[in-house]
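These features come from TrEMBL:
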type	residues	note
BINDING	CYS42, ASP44, HIS98, CYS101	Zn(2+) binding site
Amino acid sequence: MNPARRLLLANKSWAQERRAIDPEFFQRLAAGQQPEFLWISCSDSRVPETQLTVTDAGELFVHRNVANLVRADDANVLCVLQYAIEALKVHHVIVCGHYGCGGVKAAMNGAPPGRLSQWLAPVADIYQRHRQQLDLLSEDERWAKLVELNTVDQVHRLAETDVIRNAWAKDVYPYLHAWVYSLPEGLIQPLLTLSPKGPQKLL
């Protein structure tokens, strides 16, 4: 079977099953969305946010890119952030990195010249800033640690945006979370939570 056709047939089957279980499901979704979370993660196909958080349609507002970056020159992520905070009024922004991230490894090892290396430049900068510490580790440990450092760095970048600064000047929300997902274990580990009052304990 043609792979694209397989997806269309799967969609038809899914829609029929959802209607059978909950006849009003699609009408509720069509009426609007009120997600509590903005989820920023990697484009990696192995990190399906709704599956690993057991959430349904309408619960997460999602932005994904290579290596889950928040760049001041990326209009895409900044527009998503503004809409999530100002229109949807989300209370939590989660940046979820993942161990085994190919983008992070490419930045660590030197991505070939071109669009990808330009995009990953902030990750390469993080690697250089922490290189003395990271070079003491094995390659796999260094890779995992850089994933964590990159994820935390993106949350600090979020906190520096005008959207978040303006929101924090008016309210206690949103909370900003740095999480990392383990592919071998299927578990999420919280690394950092920021609020207008500074770092917070989540668990």
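Just so it is clear, glycine is given a Cβ too, placed from its N, Cα and C backbone atoms.
Any TrEMBL annotation is an automated prediction that lacks curation.
The Zn(2+) site, placed at the center of the C-beta atoms of CYS42, ASP44, HIS98, CYS101, has further neighbours from the same chain whose C-beta lies within 8 angstroms: SER41, SER43, ARG46, VAL47, ALA67, ASN68, GLY97, GLY100, GLY102, GLY103, VAL104, VAL147, TYR181. The C-beta environment of CYS42 (Zn(2+) binding site), restricted to residues of the same chain at least 6 apart in sequence and closer than 8 Å, consists of ARG64, ASN65, VAL66, ALA67, ASN68, CYS96, GLY97, HIS98, CYS101, GLY103. The C-beta environment of ASP44 (Zn(2+) binding site), restricted to residues of the same chain at least 6 apart in sequence and closer than 8 Å, consists of HIS98, CYS101, GLY102. Fewest other C-beta atoms within 10 angstroms, among the binding-site residues HIS98, CYS101, are seen around HIS98.
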